[in-house]
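J.: Sharing the record's features from TrEMBL:
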type	residues	note
TRANSMEM	26-51	transmembrane segment
TRANSMEM	57-76	transmembrane segment
TRANSMEM	97-117	transmembrane segment
TRANSMEM	123-150	transmembrane segment
TRANSMEM	162-185	transmembrane segment
TRANSMEM	222-240	transmembrane segment
TRANSMEM	271-291	transmembrane segment
TRANSMEM	303-322	transmembrane segment
TRANSMEM	334-355	transmembrane segment
TRANSMEM	361-383	transmembrane segment
TRANSMEM	404-426	transmembrane segment
TRANSMEM	446-466	transmembrane segment
Amino acid sequence: MDSKLTSSPKKDDRHNEFAKVKMIEAVAFGCGSIFQNFVFGLLGSYLLFYFTNVDQIASYAGAAIFLIVNWVNVIWDPIVGVIIDKRKPSKHGKYKPLILGWGLPMMACAVSLFIPIPNFKGIVWVAGGTYIATNLIYTMISLPWGSLLASITRDNESMTRLISVNTLVGNIGYWLIGTIFPVIVQLMSPDKVVKSIGLFGIKAPLGNYGIPAAKPAWFKAYLIYMIIGFCGMLFAYFRVHERVLPTQKETEKIHFSDYWIQLKQSKGLRYFCWFVLCACLWNTLSNGVWPFFMQYNIGHSEWIAAIGTIGAIPGIFLVALWPWFRKVFGKKGFFYFFIIMFIVGELLLWIWSITSLKNSLWLGYLASFLKSWGLTSATGYMWRLSPELITYAEYHTGKRPAGIIKALTGLVYKIGTVIASFLPAFINGLFKFNSKAQVQTPHALFGIQITQIWLPIIIAALSYYFMSKYPLTDKDVDDMNKAVVERKNKAKQEN
């Protein structure tokens, strides 16, 4: 009886910097990422189409809005990174209060982009101002969220679990964005006609979502996604714990000059930034002209949704295998393996497009499966390196610049996005692509092939090279983590 009554209390690991993260916490972190994916992914995928077709804003004006926002981000992101790192932790944490506090304003701004008001003369200014405000607020959430990852634990095994589960949940979110969202909008749009939804022959009454009368449908669909995403963020707020936080002395040391200091002192950070830039480019380019490739090089645009669903399988169902691949191949070997797999997938797409096999759907499935598995694994797992770069900075400088490093790598990723956004159109123009022609010239088809296949392969090979130069080993990171914790404990005892 005494043994039952005097059973040991449940261990509280909320202050253990080397805590083993449980699955529920990893899932909660992934659910929080859904909120950001729904904002960033939906706006990035559909807002330009909505501006030009539904709001009937001129194409050049829509492009100008996106260009202005990208340049605003170049200035804004580094500022927010410093603000976050200089912010003192509260009893609720250092990063979570920012995420919760800015969550509702961001949701309101994002949803207001789709408010079904009649088009008017100054709509371009309203749309542009609202989109800029949404992006400014988004940065106030995305940078603390990226920093939060490195504050959960120092344990390598747990960090791999966090990244794996986060990527799995995030890819489910992107599948809901790319495949399900447009179907929901069309189901609620006017002028319905029963036709295939482009997914394994399923038919439904779909309306025209590219007209001003479809505004209410866009608003309702986006609002549904925002509510789901916000609930995911609330779940993360209450289930994810911040354990690895800087001391007040470390916080006071943060300055704007740390951007330059970190790049100068950390060889690993420099090579990681190059890897992130390349990863963004081959990710965006290989997806950016996919509709053109399927329409003109393959001649089967009706297969896009089905092949896209097969391509989504690795990012949803095979992420659980990441720890095994990581254990078998090691950190660098993990990246090497999946970069090579991506290249093989791209080469199969090329074979598919130049032979009589272009009418064979199975080859499209195989090529898309390998390409997507390589892409989602290499580009998803790369963020696993960010926490160890923060540890490196903490060990060598006595500061923990999580926000600065997140802002820096995020800025590099956005620069890659800007480059990738104009390259497909530039190459199409260079090779005389004619949007009014149903059949393109061999010259124009080769231009699409360059963007879809050869440029991503070349850039993926560069990613392989930059990863080979990455200097930090697992032992280095473990030793630095232990040294940092010992130093902090010693400082506490002296005080």
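Here the Cβ of each residue, glycine as well, is placed from N, Cα and C on the backbone.
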J.: Can you find at least 3 Cβ pairs under 8 Å between the transmembrane segment (222-240) and the transmembrane segment (97-117), where each pair is 6 or more residues apart in sequence?
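T.: Between the transmembrane segment (222-240) and the transmembrane segment (97-117), contact is present.
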J.: The transmembrane segment (271-291) vs the transmembrane segment (97-117): three or more C-beta pairs under 8 Å (separation of 6 or more)?
T.: no
J.: Would the transmembrane segment (404-426) count as touching the transmembrane segment (123-150), if touching means at least three Cβ pairs under 8 Å and pairs must be 6 or more apart in sequence?
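T.: When sequence-distant Cβ pairs are counted, the transmembrane segment (123-150) touches the transmembrane segment (404-426), since at least 3 lie under 8 Å.
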